[in-house]
Structure formats: structure tokens, C-alpha cells
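Asker: First the structure, then my questions, so here it is.
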Amino acid sequence: MSFNEKKDSVEYPSHVDTALVYDDDDAALAALGYKGSFAREFTNLGTISFAFSIMGLCSSIATTFNTPLLSGGPASAVWCWILGACMCCTLGASIAEIVSAFPTCGGLYTASAQLVPPKRRAIVGWVVGWMNILGQVAGVSSTEFGLSNMIWAAVVIARPDVEITQGKVVGLFVGLLIFHGLLNSLATRHLARFTVGFVFVNLGTTIIIIIVLLATTGKANMHPASYVFGSGGIDNQTGGWNTGLAFLFGLLSVQWTMTDYDATAHISEEVRRAAYAAPAAIFIAVIGTGSLGWLLNIALVLCSGDLADLPGPSGSAFLAIMNMRMGTAAALFLWTFVCLTAFFVVQTALQACSRTVFAFSRDHGLPDRGYFGSITNWTRTPLPAVWLSVFLSIIPGLLDLASPIAANAIFSLTAIALDLSYIIPIFLRRLYRNHPEVVFKPGPFYMPGLLGWAANITCITWTCFVVVIFSIPTLKPVTAQNMNYASVITVGVISCSLVWYFFGGRKHYHGPVSNLDKTSSEGSVQEDNKSA
């Protein structure tokens, strides 16, 4: 990776000072056709903390650890993580490169429309916008749903006589979402200050859990290397799928954890020196989460005890292992911080989701006449978009009332919808690289030559592969109760959005729209009023 210092080689509109374009956030945004709508309150540390928090390392692994462990076995949890993490690095770097060139709150949605000829901008922006919103809503919903289950799992450990019903899980899920909506209604300066400490809780909790697990597990109780890394740790529990496929189901944990990379892009209009800070934060978070996550998975498997005893009464294999090795008091104490990390994930994910909804509505992608693309004056944040995001995120969680197994589809849905929305702009950038009407202007963060091509091709190929894996039900025989509805929902939403586009959406949506003229006219009116 390198930072482009050849600023004079990039052609910007005449009103933009090329000498300042990377350091002047307003000039960089104006070059893309926008005037900032938010206060830039996020510092470099706050931006990095946001990027780490959106992945929520220890809480995300705690939420999804059952899938690799109980599908392909312990070795699946270890090897699928490092395999997926390496592939995610290529995707994260490719996204960071585009975010650096297009530091707007629309993120890859805005970038996609700019990387195609003008006549295709509307349809591309429409599809990517809806797919990205779908993935982000599913991400907020699945994380909050996971947090609800984690809290009830702790209750079961502390009070084994308490009966946990689906109604209780969903009720807590809805209550938590509403509380997060209230927090996201605060002004940006409060959100920025709140976010700074997230990274320390996230990484600190993970490191402490690794150390305490290893310290409290005697060497005689640790599994051998063949169990952690070898064939001794492969255990097909899918009920009929072949072992190779069962092993690959373990990819869900890493792909769900290491997603929503572009969330940092969606707050780029609230970040200082966004063209530098946003992509750097994405890349640092991907490397850090991938590396530390692998160590955590190894420690968990090494100390996991008898596989037949997992996931235990709590339903969480992660918590069961902690409880077995540390004792109830220590396990619940550390579990509090794991839940706190998940709480931070939802906080940052909901903020990113609301900014995507805001950007899409601002461009008339919703039939709301721009209502959800408006800023509330007293907070300078998009409150209508925040509460629409809360409402939409409640809907997937209601699946649990019908089938707890089917509800797990929202985890696959997150990875499928978001990752597909990511590879579209990456693919388009290469497809139209020589088109006379498309000019990709690299930002400070870029991958030159073969390095860029290799990363782009790898992440596109990998994403297509995992989308197929995540569309397959994890249990056999397949029934209505354990069916994986992720692919059905994704295809359904995209198909409905396309029908809507051709029969009505294209009348009001023409791709990302500049707001420079609008804000300039508003400013003139205000000046005239002052003069009067």
C-alpha cells in the first residue's frame, strides 16, 4: 500500500484547490459534488476505534462460534478463520482504496455510480444502494439479536432455573434496538466521544480472555495440536452434508465478523482528513481483527474440553468454555465486557446504517421526497434515517418467533448482501478502467499495478465462493424450520427493487445527486435574510 503524493496529476473541477484537496475535507467533498451535512468531530483515534468496533471481535466470535464448532468441528473454527481473514484482507484493502477516492457518507453506494458511464449510474446506484441497506439492516439486527441471546445466556449460567423463551429473547432485542436508537439521536460530538473508548474495551477484553483461559486451563486439560489444527478436530455434525462442506460452514464466523468494512466510509463526512483516516482505519482494523481473532479461536478450541458438552445449557459454546475453565464468577464478569463489545457494535452499525439511508434518500432513492435525507437542526444528525433504520432492523429479528434456526439466516444475509455490494464497485472499477466517460481518481490510499489487480480479483472470486456457501442450509434433512432463507431474502429484495425501479423508481432516481447548488442557494437565502 502507498499514499499517492502526485496531487497535481489528478484533475479536479476548477473551483477546487488541488494543493489542498486531500487535506481540506470540504474541498475533497466538493470535488465529488457534495457539501458536507455533518460536523467533523471524529479524530484519527475515534475513526480507528469506530472501524474496530464495527467488527466487535470478541462479541462477534462469541455470537457465531457455535456454527464452525458444531458444523465442521473445532479445526473448522481455527482454519476457516485464518483462511477467511486472509481473504478479507484483500477485500478490506480494495474497499479502503475506493473509500479513499470517494470519502462520502454514501460510501460504496456513491462510488459505484461514479465508476460507470453516466447512462448506467442510476441502475447501478439503485441496486448497490438497496443491497447495501439490506446488508446493514441485517447486520444491525443480527448483532442486536446476538446480544439479546448473550445476555440471556448469562442469566441461564447465573440462574439455571430461569426459563428462556423466544418471546423474552425478541422482547429484549426490540428494547435494546430502541435504546440504541435513542443513543444515535445524540449530536455527532457526543457520538465521537462515546466511540473513542470502544477500541480499548474491544481489544482489551479479547486479550484478557485469551490470557485467563490459558492460565486457568491445566496443560493436561488442553487438547493436542492434532485436535486444534489437524484431522482430530474435524467433526461433521450437519446430519448429511459431506465433511468438506461441513468444514466450510465455519467461514460464517469470520465473514460475519469481518464485514461492514465500509461503515467507516459512511461516517467519512464526520471524520477529519477523511481521505486518509477512513481507509487507514479500515485496513488497520482488518489486520488487527484477523490476527487477534485467530489467536482467540485457537485458545477457545485448545481449552474447549469435551465437544459433547457444548454448547451447554446457555446455548453459547463460548460462554460454556469460559464457565468451565474460569468458574462462574470470573466468566460472568468477563462476559459483561463481551456483551458491552456487542453493544458497541450495534451502536456503530446503526450509525453507519442511518447514514446510508440518509445518503440514499438524499439522492431520491426512497419514495419519501427526501424526508429521510434531512438533518435535524438541533442535533445536526439524520434523526428520521436513524429511526427508520431501527424500525427496519426489528423486522428480521421477528423471525425468531417463527423458528430460532431460521432466524440464524440473518447472519448469513448480512455477509451475502454486504459482500456483494462491495465487490460490485471493485469489479466496475476494473471493467470501465479505459472508458472515456469514467475517470477513477485515486485517493491517498491506493494499491499500484499488479498488487491492486491481484487483491481485486482475489476478493471478487472469494466473495462469489462464500456467497454460495452461505446460501446452503447447515443441517440435513432440510425442512421449512431449518431452511436458510438468506439467499431467498437477498434475491427477493433485489428483484422487488428492480421491479420498483423500472415501474416507478427511475422517474425520481437518477443516481447520486450533487447538493452543491441546493446548499449554495440555501446559503444565499440566509445571507439575504441577514442583510434584510
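Heads up, the Cβ atoms here are built off N, Cα and C, so glycines get one too.
Keep in mind that what you see is a predicted model, and the values were worked out from it rather than measured.
Sharing the record's features from TrEMBL:
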- 42-64: transmembrane segment (TRANSMEM)
- 76-102: transmembrane segment (TRANSMEM)
- 123-142: transmembrane segment (TRANSMEM)
- 169-187: transmembrane segment (TRANSMEM)
- 194-218: transmembrane segment (TRANSMEM)
- 238-256: transmembrane segment (TRANSMEM)
- 276-302: transmembrane segment (TRANSMEM)
- 322-346: transmembrane segment (TRANSMEM)
- 381-399: transmembrane segment (TRANSMEM)
- 449-472: transmembrane segment (TRANSMEM)
- 484-503: transmembrane segment (TRANSMEM)
Asker: Give residue numbers and ranges for long-range contacts of the transmembrane segment (322-346): same chain, 6 or more residues beyond its ends, CB-CB under 8 A.
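Answerer: Contacts of the transmembrane segment (322-346) (Cβ under 8 Å, skipping residues fewer than 6 from its ends): 53-60, 62-63, 140, 143-144, 146-147, 150-151, 154, 157-158, 176-177, 180, 195, 198, 201-202, 204-205, 208-209, 212-213, 216-217, 303, 305, 309, 312, 314.
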Asker: Quick check: do the transmembrane segment (42-64) and the transmembrane segment (238-256) share at least 3 Cβ pairs under 8 Å, counting only pairs 6+ apart in sequence?
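Answerer: In contact, yes.
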Asker: Mind pulling out the one from 76-102, 169-187, 194-218, 276-302, 449-472 with the most Cβ pairs under 8 angstroms to the transmembrane segment (484-503)?
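Answerer: When the Cβ pairs under 8 Å are tallied, 449-472 comes out ahead.
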Asker: I need to check the long-range neighbours of the transmembrane segment (276-302): which residues 6 or more away from its ends have a CB within less than 8 Å of a CB in the stretch?
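Answerer: Counting only partners 6 or more residues beyond its ends, the transmembrane segment (276-302) has Cβ contacts under 8 Å with 1, 3, 22, 42, 44, 47-48, 50-52, 54-55, 57-58, 61, 65, 69, 74-75, 77-78, 81-82, 85-86, 88-89, 92-93, 95-97, 99-100, 103, 203, 206-207, 209-210, 213-214, 217, 222-223, 227-228, 233, 253-254, 257-258, 261-262, 264-265, 267-268, 318, 321, 443-445.
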Asker: Let me spell it out: take the transmembrane segment (123-142), skip the flanking residues so only those 6+ beyond its ends count, and list any with a Cβ under 8 Å from a Cβ in it.
Answerer: 63, 107-110, 112-113, 116, 177, 256, 259-260, 262-263, 346, 349-350, 352-353, 356-357, 360, 363, 365, 389, 392-397, 410-411, 413-421, 424-425, 428, 489-490, 493-494, 497-498, 501, 505-506, 509, 511-512
Asker: Counting a contact as 3 or more Cβ pairs under 8 Å, with residues at least 6 apart in sequence, do the transmembrane segment (169-187) and the transmembrane segment (238-256) touch?
Answerer: no
Asker: Would you kindly check 194-218, 238-256, 381-399, 449-472 and say which stretch has the most C-beta pairs under 8 angstroms to the transmembrane segment (76-102)?
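Answerer: If we count Cβ pairs closer than 8 Å to the transmembrane segment (76-102), 238-256 scores highest.
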Asker: For the transmembrane segment (194-218), give me same-chain residues lying six or more residues beyond its boundaries with a C-beta closer than 8 angstroms to one of its C-beta atoms, as numbers and ranges.
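Answerer: Contacts of the transmembrane segment (194-218) (Cβ under 8 Å, skipping residues fewer than 6 from its ends): 42-43, 45-46, 48-50, 52-53, 56-58, 183, 186, 288, 292-293, 295-296, 299-300, 302-303, 321-322, 325-327, 330, 334, 337-338, 340-341, 344, 347-348.
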Asker: Quick test of the contact rule: Cβ under 8 Å, at least six residues beyond the ends. What residues does that give for the transmembrane segment (381-399)?
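Answerer: Sequence-distant neighbours of the transmembrane segment (381-399): 38, 136-138, 140-142, 144-145, 170, 173-174, 177-178, 180-181, 184-188, 191, 350, 353-355, 357-358, 361, 371-375, 406-407, 409-410, 413, 485.
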